[in-house]
Structures are given as C-alpha cells and as structure tokens.
Amino acid sequence: MNPFVLLILFSSLGLGTSLTFASSHWLLAWMGLEINTLAIIPLMAQHHHPRAVEATTKYFLAQATAAAMILFAGTTNAWITGTWEMADMSNPLASTMVIIALALKIGLAPMHLWMPEVLQGLDLTTGLILSTWQKLAPLALIMQTAQSISPALLTTLGLLSTLVGGWGGLNQTQLRKILAYSSIAHMGWMIIILQYAPQLTLLALLTYIFMTSAAFLTLKTLTTTKINTLATAWSKNPALSATAALVLLSLAGLPALTGFMPKWLILQELTKQDLPTIATVMALAALLGLYFCLRLCYSMTLTISPNMNNPTTPWRTSTTQTSFSLALLTTAALTLLPVTPAVLVLTT
C-alpha cells in the first residue's frame with residue numbers, strides 16, 4: 001500500500017480514538033468510533049484475498065450495527081432527558097442499549113461471534129491493531145458510562161466473556177483464533193472489575209496490550225499462523241521460541257510473569273467486595289486459558305516437526321524484520337510483576 005495512504009489511515013485511526021477519548025457528547029463519541037472503523041477497513045482489505053474481504057465485510061456489519069445502536073441510544077437518552085451528555089445516562093433503556101452496543105464493538109460475550117472469524121481472516125499486523133488499538137475507544141466509553149449501567153449486567157458480561165474466552169480456545173488449531181478467544185477472556189476480566197475498581201481495568205488493559213502485542217509480533221517474526229507450524233519454530237529461532245512460550249504463559253496469567261498481576265489484584269478486589277463465588281469462577285475460567293496456552297508451549301518447545309524438507313533450510317535464513325519493539329514488549333510482558341507494590345500504591 002502507498003505510504004501516503006498508510007499515513008492517512010493511521011492518522012485517522014489516531015484521530016478517531018482521540019476524538020472519542022476527548023468527547024463528553026454522544027454525537028462526537030459516535031463520530032470518533034465511525035472514523036476509527038472506516039480507517040481500519042482499507043487496512044483489513046489490503047490483501048485481496050477472499051478471506052480478508054469476508055473478514056472485512058463481517059467486521060463492517062458488526063461495527064455498523066453497534067454504531068447504529070449507540071446513536072439510537074444517545075438519541076433516546078437526549079429525547080427523554082434533554083441532554084446529549086454521557087454523564088447523564090439516567091434512562092435505563094438507553095444505558096442498556098449503550099453497553100450492549102459497546103460490548104458488540106469490543107467483542108464481549110455473547111456478542112463475540114464475529115471476533116474469531118474476523119481475526120482469522122486478517123494478517124498478523126492488522127490483527128494486532130484490531131486486538132489492541134481498536135479496543136481503546138469503546139472501553140473509554142464503557143468506563144465513562146459504567147456508573148449508570150446495571151451492575152448485574154456488567155457482571156454477567158464479564159463472567160460470560162471469561163468463560164467463553166477460555167472454553168472457545170480449547171479446540172482451536174489456528175493461532176489467530178486462539179488469540180481472539182484470549183482477547184475475549186481478557187475483556188471479561190476488565191469489565192467485571194470496572195464497577196468496583198476502574199483503575200484495575202486500566203491496569204489490566206495496559207498489561208493486555210503489552211502481552212498481546214508481544215505475542216502477535218513474535219508470530220509475525222516466526223511467520224506462523226497454525227499450531228502445527230509452531231513445531232518448526234525452535235529450529236528457526238530457539239531464543240525467540242523460548243521467550244514466545246513465556247509470553248503465552250504470561251498471557252494466560254501464570255504466576256511470576258506480568259500477566260499474573262492484574263488477575264491477582266482483580267481476584268483480591270472481588271474477594272474484598274464479598275464476591276467469593278464470582279472470584280472462584282473467574283479463577284477457574286483462567287485455568288482454561290492456561291491450558292490452551294500450555295498446548296501452544298508444548299507444540300513450540302517440546303515437539304519436533306516430522307515435515308522437515310531437507311533441501312530447503314528455512315531456519316538458516318536471517319530475518320529482516322526490526323526486533324527492537326518486539327524485545328521491548330516481550331520484556332514488559334515478562335518482567336513487570338515485581339512492580340506490583342508500586343502499582344498498588346498508585347491504584348489505591
């Protein structure tokens with residue numbers, strides 16, 4: 001794609017998200033979300049492949065539906081209350097419609113069905129943008145309107161998302177679908193704690209971005225999208241395969257890695273709020289995610305591919321991709337657990 005076109009599209013992505021962040025008016029927020037959606041669609045469809053076009057179409061339909069619901073909810077609230085301000089969502093019908101539309105935007109269960117299919121049809125770079133940057137604007141709107149949304153609805157969305165995200169990834173062989181279900185589960189963790197400690201939602205989002213970015217960039221460097229091709233990764237790049245396994249375990253929330261920090265603090269906060277049953281279900285759902293991440297680690301580090309083609313030696317070719325961002329994100333995804341006390345000071 002032409003560099004100038006790419007510059008315009010990435011600038012529009014930044015503009016749409018910034019506009020949504022800065023707005024307290026439903027029309028401006030809706031405009032920001034629309035700019036965001038329209039900017040990423042050419043990036044999704046730039047590879048003229050039937051799967052990419054299909055994924056782009058599905059994404060457009062899901063996002064257009066959500067945008068229409070947000071506009072309808074904002075109009076309904078303005079009609080009843082006389083104001084377009086986000087802070088004044090006193091009408092229960094409008095606030096329920098808004099949270100359902102925003103849940104569809106970020107792929108929360110049970111509005112998650114588009115997410116794995118769309119991510120599977122994209123290349124890894126666009127998939128990374130869809131899994132990280134595209135979550136920011138809807139999550140900002142959810143955080144702004146959380147106080148007017150039914151706590152039971154938020155808890156249901158969070159629990160369903162963690163369970164679906166863990167259960168859905170168990171039987172997958174495509175890495176992009178596994179990362180999509182992991183994303184759904186992480187969104188559930190963020191939503192369930194939002195009503196009690198919004199600062200923990202921000203912490204979970206930050207660590208999720210670090211870990212998911214490191215995972216996508218690692219797969220891009222290894223040029224692999226399926227579990228069976230992970231078996232050749234060790235021959236290509238042993239050091240990267242070792243760090244990739246640790247990044248996946250961090251994504252699953254294994255102790256001693258960065259991904260354990262938000263889960264630990266969220267479970268602690270749920271217990272403080274006298275919700276031990278919900279905390280137990282969340283912890284058990286996290287074990288499902290840990291299982292499929294262990295499957296990937298096993299394929300990557302403990303198996304050798306039987307399909308080695310002797311005349312070609314792909315493991316000897318040096319990569320031309322830049323590795324500084326990958327190294328930085330991998331370090332953040334693995335080593336931030338010791339700063340938990342500092343995080344606790346900042347979040348209390």
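Using the three backbone atoms N, Cα and C, a Cβ is placed for every residue, glycine included.
Keep in mind it's a predicted model, so treat the numbers as computed, not measured.
TrEMBL lists transmembrane segment at one of the ranges 121-139, 178-196, namely 178-196. Per-residue confidence over the domain 'NADH dehydrogenase subunit 2 C-terminal' (290-343) averages out at a pLDDT of 77. Residues 32-40, 42-43, 46, 129, 133, 136-137 of the same chain sit 6 or more residues outside the signal peptide (1-18) yet have a Cβ under 8 Å from a Cβ within it.
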